[in-house]
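Positions annotated as active site by Swiss-Prot: HIS32. Annotated active site, proton acceptor per Swiss-Prot: HIS78, in sequence order. Per Swiss-Prot, ATP binding site is recorded for TYR35, ASP471, GLY508, and the stated evidence type is sequence analysis. Among the features that Swiss-Prot reports, Mg(2+) 1 binding site is placed at GLU76, ASN509, with the record citing sequence analysis. Per Swiss-Prot, substrate binding site is recorded for SER77, HIS78, ASN79, HIS80, ARG99, GLN224, GLU296, SER297, GLN298, SER511. According to Swiss-Prot, the Mg(2+) 2 binding site annotation covers ASP100, ASP252.
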Amino acid sequence: MFPHEEKLIKERLGREPNEVEKAMLEVMWSEHASYKSSRKWLKLLPTENEHVILGPGEDAGVVKFDDNTAIVVGIESHNHPSAVEPYGGAATGVGGIVRDILCMGARPIALLDPIRFGPLGKERNRYLFEYVVKGIADYGNRIGVPTVGGETEFDESLDNYTLVNVACIGLMRPEELVHSYVEESGLLLVLVGNKTGRDGIHGVTFASEELSENAEEEDRSAVQIPDPFTEKLLIEATLEAVHTGKVKALKDLGGGGLTCASSEMAGKKGFGAVIYADRVPQREPNMNPMEIMISESQERMLFAVRKEDLNEITKIFEKYDLEWTVVGETIEEPRYIVYWNDEKIADLPIDLLADVPIIEWEAKSYDIEKDVQTPEISIEEALLEVLSSPNIVSKAWIWQQYDHEVQGRTVLKPGLDATVLKINDEHGLAFVSDGNPSYSHLNPYHGAMSAVAEVVRNLASVGARPLALVDNLNFASPERPEVYWSFIETIKGLADAAKAFGLAYVSGNVSFYNEVGKKPIKPTPVVAGLGKVKLENITTMDFKDKGDLIAVVGTTKKELGGSELYRIFGINKGIAPRVDLEREKQNVEGILKAIELKLVKAVHDVSKGGLAIALIEMAISGNKGFEVDIEKVPAEGGLSPLEVLFSESHGRFLISFEEKNLEKIKAIFDEFAVIGRVAEEMLIFKHENKEVINSDLRQVKALYNSLPSILGE
């Protein structure tokens with residue numbers, strides 16, 4: 001809390017807050033809990049369209065899938081905790097987002113894990129990577145919620161740090177929606193789940209400031225302890241309680257603990273709450289009321305129920321062997337009152353906890369984009385280097401640790417353009433996340449647009465029409481003028497792109513102060529998207545049959561700024577790829593039409609690594625080769641063969657299809673060219689009638705599957 005905020009609190013309260021009140025206010029006025037540096041700008045994001053049932057403002061968003069089915073979706077970050085204690089930090093990140101979905105009344109059915117680390121050449125970064133993956137795997141597997149996708153990236157700006165974002169979706173009938181706020185006084189507040197300990201105390205405060213170089217030792221107590229077995233019981237008990245129709249409000253205890261959950265639940269509609277802190281079951285001896293009120297111990301839920309329904313609801317908790325306690329009640333007067341052994345120890349206007357003034361920091365623009373000469377590297381050398389980059393290689397080592405098929409809904413598995421989950425006998429839900437901090441570093445506006453565009457292309461590539469988006473915005477300190485400017489530009493880019501596609505953001509998260517030892521991370525907006533697909537139309541990236549034609553949709557430009565090629569060869573400048581929204585929409589609609597008309601056998605969007613990597617991914621996925629002519633790729637004039645292959649221009653797809661469908665497909669697209677054919681086993685790139693690359697599929701597979709050897713396994 002800043003000095004001017006402490007002064008304002010004293011003025012509004014008319015006195016100094018006591019120790020307990022001050023601790024609660026520090027939690028609620030933290031950046032992590034209040035969004036005081038971002039709230040103004042988040043209002044620019046579109047939050048409504050025909051699919052949205054419930055937009056931002058509660059624990060998760062709700063999207064209409066059909067008349068009988070709603071999808072609940074949310075995304076959260078657990079960056080600081082995972083950088084300090086990667087296993088526990090990542091595991092509790094999973095637990096927290098699962099409870100966010102659960103407390104809307106939905107059964108969690110799938111997770112995505114967009115995760116980022118420093119270069120794997122350093123032992124500390126490998127340690128963070130391996131234990132974050134293990135934390136996600138262990139927790140998700142034990143609660144029976146599959147991790148079905150995500151993205152994994154390594155970047156120099158994340159040295160000794162990690163970004164752990166987790167998205168979750170849940171399934172429910174629309175009439176089962178439970179809100180996170182009460183609409184009447186006299187309700188009992190029932191705390192259910194784990195006992196309260198000292199873990200996670202000041203967790204949100206710790207997440208609202210930069211980490212020091214010694215954070216691993218200094219801040220370990222701020223990281224919560226995971227208990228997936230209790231979480232599994234909480235999932236089943238909560239859903240059973242919700243199905244009685246007698247749960248009036250529901251919140252999980254996440255950041256800010258009991259203070260945050262109970263004050264938000266009571267205060268949103270102008271009610272107050274009385275809390276009896278001494279009734280809270282304690283895991284550790286001699287806990288004081290301040291510790292109890294702000295502890296962030298995991299696997300705890302807060303239910304609001306009427307007195308006459310208490311017995312019915314608590315019998316459900318007892319059936320699952322979950323401890324429960326009535327810790328308070330809602331009151332008519334808008335105050336937040338805490339008792340300890342019959343002594344009143346805190347008494348605040350409830351809006352003082354939630355009504356945190358906006359902070360608008362200085363914003364200073366920067367311009368580091370600069371066109372540069374692409375180095376003269378042989379295509380063969382470039383391909384070897386890019387294909388074996390940790391950012392490009394197969395991430396099977398990660399997702400093979402996840403039980404991605406538990407619950408039996410997974411139709412398309414990890415490693416493709418998007419995962420697809422079966423929702424009913426006719427339709428599936430596509431789910432994917434994307435972000436590229438290298439683009440955002442060069443141009444935060446266009447970097448943000450690119451994340452949205454890639455999500456839409458990924459969804460279209462599997463045959464899905466986009467429904468809604470969620471966003472997770474990872475930034476360094478907003479007190480840095482350049483960082484705050486990049487955040488504002490990011491919001492503008494996210495807004496413009498979503499509006500162009502007719503999409504809304506239904507939930508999201510902002511994570512500031514991501515830096516270690518005063519080293520800021522790159523701007524890292526992550527966007528996750530949902531799409532609806534007919535099961536019979538699901539399309540995959542793998543080449544199917546020898547002799548099929550291969551074509552490119554879209555134009556390739558000299559847009560290598562932030563590309564994997566430039567990164568590998570140490571080029572930090574260049575022009576970041578631009579999103580031509582009209583062209584992007586046309587090509588997406590064209591792809592969806594071609595899929596619906598059953599004209600194409602394989603579709604893959606072109607993104608990181610450019611055309612060269614996209615072709616190789618299609619070949620490896622289908623266990624086929626190809627022969628393509630670089631000169632036939634639709635490209636702006638003056639591009640070298642190297643630039644054509646490794647540019648990361650947006651709006652592009654690769655497709656394969658039977659030759660008999662060529663004329664019908666050509667009629668759909670403006671920017672389209674056949675560049676080659678699917679072959680048996682060889683991967684051949686030609687230029688000026690010469691083979692510039694002739695490689696065996698087995699050699700390429702060995703490079704593409706080299707992550708275990710990079711990790712020293």
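Cβ coordinates are placed from backbone N, Cα and C, and glycine is handled just like the others.
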By the count of other Cβ atoms within 10 Å, pick out the sparsest of the binding-site residues GLU76, ASP100, GLU296, ASP471.
GLU76
GLY508 (ATP binding site): nearby recorded positions from HIS32, GLU76, ASN79, ARG99, GLU296, Cα cut-off 10 Å:
GLU76
Near ARG99 (substrate binding site), how many other Cβ atoms are within 10 Å of its Cβ?
28
Counting distance between Cα atoms, which of the binding-site residues TYR35, GLU296, GLN298, ASP471 is nearest GLU76 (Mg(2+) 1 binding site)?
ASP471
Counting Cβ atoms within 10 Å of each candidate's own Cβ, which of the active-site residues HIS32, HIS78 comes out highest?
HIS78
If you count the C-beta atoms lying within 10 Å of each candidate's C-beta, which of the binding-site residues SER77, ASN79, ASN509 ends up with the smallest number?
ASN509
Could you round the CA separation between GLU296 (substrate binding site) and ASP252 (Mg(2+) 2 binding site) to a whole angstrom and send it over?
10
Coarse DSSP state, helix versus strand versus coil, of ASN79 (substrate binding site):
helix
Entries of SER77, HIS78, ARG99, GLN298, ASP471, ASN509 which, being recorded positions, have CA atoms within 10 angstroms of ASP252 (Mg(2+) 2 binding site):
ARG99, GLN298
Between the Cα atoms of ASN509 (Mg(2+) 1 binding site) and ASP471 (ATP binding site), what distance do you get, rounded to the nearest Å?
6
Inside 10 Å of the Cβ of TYR35 (ATP binding site), count up the other Cβ atoms and send me the figure.
18
Please report the distance from the Cα of ARG99 (substrate binding site) to the Cα of HIS78 (active site, proton acceptor), rounded to the nearest angstrom.
14
